[in-house]
């Protein structure tokens, strides 16, 4: 579809959350189609995880975004989908790949939202494809478990914080989940949640550097539990790490099902977003160094630095491999 002004920021670049929402919609369509391709109980595919995705190039107002999706692996209860986004300048015909993402879905019964159904298998062109897919499946399953175990943090407001500290830029957004946010089963679309997470992360980044900012990448997004219609969700973000030209922001979503008094507030989603600061001409700008004050902030900074160096090493290895 064509990108409109309400899809973009003040600089004319399309929000990363808008692209993430389109990616998730494509994944949900193809997964739901596949899971209902054989006779049996009807279901809807629910997003469980998004692997790390890089925003390779910005999309601008007036360009057309083409989203394509392909199922690349199926386990007994999950579907792996590869999604590519290509932008097209319809005035010049120029096209470029802007995003590549991997998503995992699980099929939930229309009769019972808590029942996970079996996934019809796909045919692989060669045995290696199935083996590689199984390896990716086991890796993401382990990472999801580890992420859920360290999800106890809560963001508290800071009184009169100093500029460039964690407390100065941290932000939260409260949203009442309505029918338009939800699937046929009455729980929130993954794309809606990711768009809200990107908005909060963008506010944190803009508060920190006071410039135009764009989403550079999103680390794995883990959907730990479903969020039902009528819940109040709090999306919170805080700066964890800064390099010379990038900012890492931790974002998590807590759900408060106040219409269901038997359920307490719970952590539903978590992820790390990376942003870069841009000049009015769209050139990268230096990022102010994050000032850490507490031991927890210093620990999170070092953990973020480790993720940054690991990603940097992977990119350098990919460049060297491509050169050979």
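These residue numbers are counts, starting from 1, taken along the chain as shown.
Every residue gets a Cβ built from N, Cα and C, even glycine.
TrEMBL does not curate its annotations; it predicts them automatically.
TrEMBL lists 9 (among others) with the feature active site. Around residue 9 (active site), the same-chain residues at least 6 positions away in sequence with a Cβ under 8 Å from its Cβ are 15, 202, 212, 214.
Residue 198 (active site) is surrounded by 26 other CB atoms, counting those within 10 A of its CB over all protein chains shown. What TrEMBL lists as active site is 198 (among others).
Within its own chain, the compositional bias 'Basic and acidic residues' (296-306) has Cβ neighbours under 8 Å at 166, 240-241, 248, 250, 272, 290, counting only residues six or more beyond its boundaries. Residues or ranges marked as compositional bias 'Basic and acidic residues' by TrEMBL: 296-306.
Under the heading domain 'HotDog ACOT-type', TrEMBL lists 1-111 (among others). Shown for the domain 'HotDog ACOT-type' (1-111): DSSP residue counts in helix, strand and coil, namely 23 helix, 52 strand, 36 coil.
Positions annotated as domain 'HotDog ACOT-type' by TrEMBL: 167-281 (among others).
If you look up TrEMBL, you'll see 294-324 marked as region 'Disordered'.
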Secondary structure composition of the compositional bias 'Basic and acidic residues' (296-306) [DSSP: H/G/I, E/B, coil]:
11 helix, 0 strand, 0 coil
Where DSSP helix means H, G or I and strand means E or B, what are the helix, strand and coil counts for the region 'Disordered' (294-324)?
29 helix, 0 strand, 2 coil
